[in-house]
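Beneath this line is the structure, given in C-alpha cells, with notes to follow.
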Amino acid sequence: MGLQKAENNSANAAKPIVKPYGKIELSLNNVLLPEERLTTTPSKLDGMDQETETDSRVLGCELIQTAGILLKLPQVAMATGQVLFQRFYYSKSFVRHSMETTAMACVCLASKIEEAPRRIRDVINVFHHIRQVNSQKPISPMVLDQHYIDLKTEVIKAERRVLKELGFCVHVKHPHKVIVMYLQVLGFEKHKNFMQLSWNYMNDALRSDVFMRYDPETIACACVYLSARYLEICLPKVPPWFGIFKVTEAQILDICHRILLLYKRSKVNVEELEKKVADLKRQYQESKQKLKGITSGNNSPNSVNSPSRNNHSSEKARSESRSRSNSRSPSKHKRSKGHSRGRSRSAERRSSKKHRIRRSYTPSPSPPRHSSKHSRDKSRYRSRSRSPGARSGSYDKYYTSEKKSRTKHRDSYDEVRIRSRH
C-alpha cells in the first residue's frame, strides 16, 4: 500500500499544471466563427444597427479591392486583405476603430503576406485618390504635412492591432485553386467563361460573411453552382455532383442566397455612413466621459463612498478608541496611606542623596594646566577663528566650546580666591 501511494504521488507531481489562459491554435484551415459571435458583434454592442454594420463591411472591402487594383496587387493579396478585414471587425467595433485606417492596414499586411509588399506611402496616396474620386472633388496629390505623418503612424498602429487581435493567425486559404480543380473534375477546364464567372462570384463573396461561416471547398461548390445556373450548364444530379466534395445542398443554397443579397443592396452613401458612425462615436465618448465622472466622483474625498473618506472616518474612530483606552478610569480600590507615604519617603531620600552629591563637589583651587597638545589645538582654533569666514559671522563649534570651558574655570578660580580672603 505504501509503495502504491508513493507511485500515485509521483505521478501527480509529474502532471503539468494547466493554467486557465486563452490559447491560439495555428492551422492551415480557415478560421470559422460560431453563430453567437456572428450575430452579437462588438459594433452591435456599441449601438450600431445591422444595416449600418453591413454597409461598413461592404464599403471597407470595396476600398481594399479598388486600392489593390490601383496598386497592381495580385487578386490573392486583395482577397487576403478583405478576409483579414472581416475577421478583425468580428473582434473589434466600427465605432471605436476607423474603417478606412483599418482597410489601409489590411492592404499593407496582405501585401506582405502574399509576398507583394507595397509602401505605406503608396497605400495612403491611393486611398486619398479613391476618396477624391468618390466625393467628386478635383484630383490633387496629398500634401506631406503633419496630417500625413499622423495618418502614417495610425496605419502602422492599426496594422499591429490587426495582428494582435487575430493572434498572428493570418493564413487564409482561398477557393481560387479549388474552383479550377473542381471544374477539371467536372470536365469544364476549357470553358473560360464558366471559370471566370465562378471566380467573379467568389471575389464578390468576400464582401459578405460566408468566409467566416464556411470552408473554401464549400464556397467553391456554391460559386460553381451559381455559374452553372447563370450559364444554363447542366451538371449531374443523380448522384449530385457536389456529393463527391462532401458538401450538402443546404450549405450551397445558403451561400448562394448570401451572395445574391449583395446585388440587391443599394450603393452605399459614404457621407451618410460617416455621419452615422461619427454620431455613434460621439455618443460612445459622452457615455465614457459620464462613466469616468461617476468613478472620479466616487473617488473624491467629499463623496460618501470615497475610500479616502472611509479611511479618514476609520482613523478618527481608531483615535477615539485609543484616547478612551488611555484615559484613566476611576479606581475601584483606594490606595492605603502607608503605601503612598512609603513612596513619598523614598522620593525624598533620592532627592537628598542628589543634593549630597552636589555639595561634595568642589572645584580645584588651581586653574587647569593645559598640555602642549591642548595648546596646539587652542592655537589651531584661534587661527581658524581669524579666518575670513569667522569675520563674516560663521559659527565655529570648537572655538565656542573652548571659550565656554575657559570662562567656567576662571569663574571657579575667582570663587576660590574670594573664599580664601574671607
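Here the Cβ of each residue, glycine as well, is placed from N, Cα and C on the backbone.
Across the domain 'Cyclin-like' (62-164), mean pLDDT in this model comes to 94. Sequence annotations record features per position, and here TrEMBL assigns domain 'Cyclin-like' to 62-164 (among others).
What TrEMBL records for 173-300 is domain 'Cyclin C-terminal'.
As a summary of secondary structure, the domain 'Cyclin-like' (177-261) carries 62 helix, 0 strand, 23 coil according to DSSP. What TrEMBL records for 177-261 (among others) is domain 'Cyclin-like'.
Sequence annotations record features per position, and here TrEMBL assigns region 'Disordered' to 288-422.
As annotated by TrEMBL, compositional bias 'Low complexity' applies to 296-311 (among others).
TrEMBL lists 312-323 (among others) with the feature compositional bias 'Basic and acidic residues'.
The compositional bias 'Basic residues' annotation in TrEMBL covers 330-344 (among others).
If you look up TrEMBL, you'll see 370-385 (among others) marked as compositional bias 'Basic residues'.
Marked as compositional bias 'Low complexity' by TrEMBL: 386-395 (among others).
The compositional bias 'Basic and acidic residues' annotation in TrEMBL covers 399-422 (among others).
Taking H, G and I as helix, E and B as strand and the rest as coil, DSSP gives the domain 'Cyclin-like' (62-164) the counts 72 helix, 0 strand, 31 coil.
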